[in-house]
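Student: According to TrEMBL:
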- 27-52: transmembrane segment (TRANSMEM)
- 72-97: transmembrane segment (TRANSMEM)
- 74-279: domain 'ABC transmembrane type-1' (DOMAIN)
- 109-129: transmembrane segment (TRANSMEM)
- 163-186: transmembrane segment (TRANSMEM)
- 207-229: transmembrane segment (TRANSMEM)
- 262-280: transmembrane segment (TRANSMEM)
- 311-331: transmembrane segment (TRANSMEM)
- 351-375: transmembrane segment (TRANSMEM)
- 352-558: domain 'ABC transmembrane type-1' (DOMAIN)
- 396-414: transmembrane segment (TRANSMEM)
- 426-447: transmembrane segment (TRANSMEM)
- 490-507: transmembrane segment (TRANSMEM)
- 540-563: transmembrane segment (TRANSMEM)
Amino acid sequence: MKGTVIATDEFIERQGGKSSVRVGTHWGWFAAAWSVALLVVLPVVAVIVLAVTGTDGGGSIWGHLATTVLPGYIWTSLELMVGVTLLAGSIGVITAWLTTMYEFPLRRFYEWALLLPFAVPANVIAYVYTDVLEYAGPLQNALRDLFGWNSPRDYWFPEIRSLGGAVVMLSLVLYPYVFMLARAAFLEQSAALRDVSRTLGCNGFQSFWRVALPSARPAIAVGLALTLMEALNDFGTVDYFAVRTMTAGIFNVWLNMGSVRGAAQIALCLMVFIIGLIWVERHARRRQRQFGKGDQFRCYRRPRLAGRRGWLASLACFMPFGLGFIFPVGVLTRHAIVYFEESWTDRFVEYAFNSFTLSISAALLTLIIGVLLAYAKRLDRTRSVQHALKLSSLGYAMPGAVIGIGVLIPLAAFDNAFDAFMRDSFGISTGLLLTGSMTAIIIAYVVRFLAVSAGAIESSLDKVTPSMDMASRSLGEDTLRTLWRVHLPLIRPGLLTAALVVFVDAMKELPATLLLRPFNFDTLATNVYQYASDSLLEMAALPALVIVVVGVLPVIVISRTIVASRNEL
C-alpha cells in the first residue's frame with residue numbers, strides 16, 4: 001500500500017513535464033529558496049569582487065602580498081593541514097576500529113565519551129595546555145625542582161606555542177569528525193569481507209589494513225575534509241600560538257596593516273583551499289554510497305581482548321578522551337571555583353546575555369529559513385531547487401573570517417548609502433545602522449550555520465511519508481496549513497536538534513564575532529579570547545567553562561544516536 005501511494009505521488013509530480021507543474025504550482029517556495037541562496041552567496045561574491053577589483057592599488061597589494069607574507073601564510077596552512085590530517089586521522093580511525101571490532105573494558109562508555117572533546121573549543125584547550133606546559137607553568141617548575149635544573153639551557157622541553165602545538169591542540173578536539181564517520185563505516189561494512197580475510201589467514205591487523213581500511217577510506221576522507229575545514233577556520237589557537245596561517249593573516253593584514261582589500265585577497269586564497277576540500281568531501285561521499293552497497297554488518301561477535309591487551313585498548317581510547325576533555329575541563333573547573341567571586345561580575349553577566357541573545361536569534365532565524373528551504377525541496381524536486389539548497393550550504397564550508405569580511409562589505413555599503421540619503425533628504429544621520437549593532441553578527445551566523453539547520457530539517461522531512469501530504473491535500477489543506485499542522489509536529493525532534501546545534505556553534509564562533517562586533521561589545525567567546533591574550537587564564541576559566549557546558553548538549557544528542565546504533569548490533 002505504501003509503495004502504491006508513493007508511486008501515485010511521483011505520477012502527480014511528473015504531470016505536465018519534468019518540472020513545470022512543481023515550479024508553476026509552488027513558484028513562491030521556488031523563488032524564496034533561490035532568494036535565500038543568493039543572499040548566502042552574496043558575502044562570498046563580495047569577497048571575490050573586492051579582492052580582484054578596485055582602484056585603490058588592488059593590483060599592487062596582490063604583488064606586495066605575493067612577495068612578502070602570502071607564501072608564508074600558505075605554506076604554514078599546508079603544514080597545519082598535513083599535521084592535523086595525520087594526527088586527527090590516526091586518533092579517529094584507531095579508536096573507531098577498537099570500539100567497533102573488539103570487546104574490552106569500558107568499550108561502551110568510550111563509544112560516546114570519545115565525542116565529548118567536540119564540546120571544547122580549540123582555543124580554550126590551547127589556553128589550558130599553555131598555562132600548564134609553558135616555562136613558568138607547574139609542570140616545568142616541578143621538573144626543575146625535581147632535577148635541580150636552573151635555566152632552559154639545562155634541559156629540553158617541547159615548545160607548546162608552536163606549529164606542532166597547534167596541530168596537537170586542533171587534533172584533540174577535531175578527531176571526533178573522523179571517529180564518527182569511520183566508526184559508522186566499520187559498522188556498515190559487509191561482514192563477508194571479514195569472513196574472507198579470516199579464510200585467508202589474516203590476523204586482526206592484516207584484516208584492518210588490507211580489508212577494513214580500504215573499504216572505509218571514503219568515509220574517512222569525508223571526516224578528514226570536515227576536520228581540515230574546521231582547522232582552517234580556527235583563529236584563536238593559531239593567533240595565541242603565533243602560527244601564521246591564512247586565517248591569522250586575514251586579521252593581521254586587516255587590523256594591523258589597515259588593508260581590507262589585502263585581507264579580502266588572502267580570504268580569496270583561503271577560499272580556494274576550502275573549495276578543494278569541498279570537492280574532496282563531495283567526491284568521497286559519492287564513493288561512500290557505492291562502497292556501502294553491500295550486506296549490512298550482521299551479528300558480529302566481537303572478540304574479547306583479555307588481560308593486558310584489553311587494558312591497553314582501553315588506555316588507547318582514554319588518552320584522546322582524557323587529554324581532549326577530562327584534563328582541560330578539570331583545569332577550567334578548578335580555576336572557575338577558586339576565582340569565582342572575581343569572575344562573576346556584571347560584565348560577565350552582560351557578556352553571557354550577549355552570547356545567548358545572538359545564539360538564540362541565529363538559531364531561530366536559521367530554523368525558519370531552514371524549514372523554508374527543506375520544504376521547498378519537498379514540494380519541488382527539480383534540479384534548480386536542489387542547486388539552491390547546495391548554494392545555501394556554502395556558508396558553512398567558509399571560515400568565519402571570510403564570512404565576516406563578506407558580510408561587512410555589503411552591509412557597510414548599505415549603511416553609508418542610507419546615511420547619506422537620510423542626511424541629504426532629512427538632515428538626519430542614521431550612523432552605522434547594521435554594522436554598528438548586533439545585526440551584522442546575526443547575519444554572519446545565519447550565513448555560516450544555515451546548512452546545519454537546513455540539513456537536519458531536510459533529513460527529518462525525508463522520513464515523513466508522502467501519503468501524509470496527499471491525505472492533507474485531500475482534506476482541502478493548502479501547503480502552508482499542511483506544513484503547520486502536519487509536518488512541523490512530526491519533525492519537532494529534528495527542529496529542536498537543529499536549533500540546539502546552531503545555538504552551540506554560534507556560542508563558540510570567534511573569528512566572525514571579532515570582525516563584526518560593535519565597539520564595547522563582547523560575548524563569552526571574545527571575552528575568553530581577550531583574557532587569554534592578557535595571560536589571565538584564571539579569569540577566562542568561568543566563561544570558557546560555560547561555553548564547554550553548553551557545547552556538551554549537542555554531543556549528548558549525538559551520543560544517543562551512537563547508543564541506538566550500538567543496541568542494534
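Every residue, even glycine, has its Cβ placed from backbone N, Cα and C.
It should be emphasised that the depicted structure is a prediction, and the values quoted were computed from it without experimental measurement.
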Student: Does the chain bring the transmembrane segment (262-280) near the transmembrane segment (27-52), so that three or more CB pairs sit under 8 Å (pairs 6 or more apart in sequence)?
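Tutor: Yes, since the transmembrane segment (262-280) and the transmembrane segment (27-52) share at least 3 Cβ pairs closer than 8 Å, they count as touching.
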Student: If you count every Cβ pair below 8 Å, which range out of 27-52, 311-331, 351-375, 396-414 shares the most with the transmembrane segment (163-186)?
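Tutor: Stretch with maximum Cβ contacts: 311-331.
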Student: Between the transmembrane segment (27-52) and the transmembrane segment (109-129), are there three or more C-beta pairs closer than 8 Å, counting only pairs 6 or more apart along the chain?
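Tutor: Between the transmembrane segment (109-129) and the transmembrane segment (27-52), which are separate recorded stretches, there is no contact, as judged by 3 or more close Cβ pairs.
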Student: Is it true that the transmembrane segment (540-563) and the transmembrane segment (426-447) have 3 or more Cβ pairs under 8 Å, skipping pairs fewer than 6 apart in sequence?
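Tutor: Counting Cβ pairs under 8 Å (6 or more apart in sequence), the transmembrane segment (540-563) does not reach the transmembrane segment (426-447), since there are fewer than 3.
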Student: Please work out which recorded stretch in 72-97, 109-129, 207-229, 311-331, 490-507 has the most C-beta pairs separated by under 8 angstroms from the transmembrane segment (351-375)?
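Tutor: The stretch with the most contacts is 490-507.
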Student: Counting Cβ pairs under 8 Å to the transmembrane segment (109-129), which of 207-229, 311-331, 396-414, 426-447 comes out on top?
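Tutor: Looking at each of 207-229, 311-331, 396-414, 426-447 in turn, the most contacts to the transmembrane segment (109-129) are made by 311-331.
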Student: What else in the chain is close to the transmembrane segment (490-507), if you only count residues 6 or more beyond its ends and a Cβ gap under 8 Å?
Tutor: 355-356, 358-360, 362-364, 366-367, 370-371, 445, 448-449, 452-453, 455-457, 459-461, 463-464, 468, 523-525, 547, 550-551, 553-554, 557
Student: Who are the chain neighbours of the transmembrane segment (72-97) in space, where the CB to CB distance is under 8 Å and they lie at least 6 residues beyond its ends?
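Tutor: Contacts with the transmembrane segment (72-97): 110, 114, 163-164, 166-168, 170-171, 174-180, 182-183, 186, 208, 212-213, 216, 220, 223-224, 227-228, 231-232, 238, 243-246, 248-249, 266, 269-270, 273, 316-317, 320.
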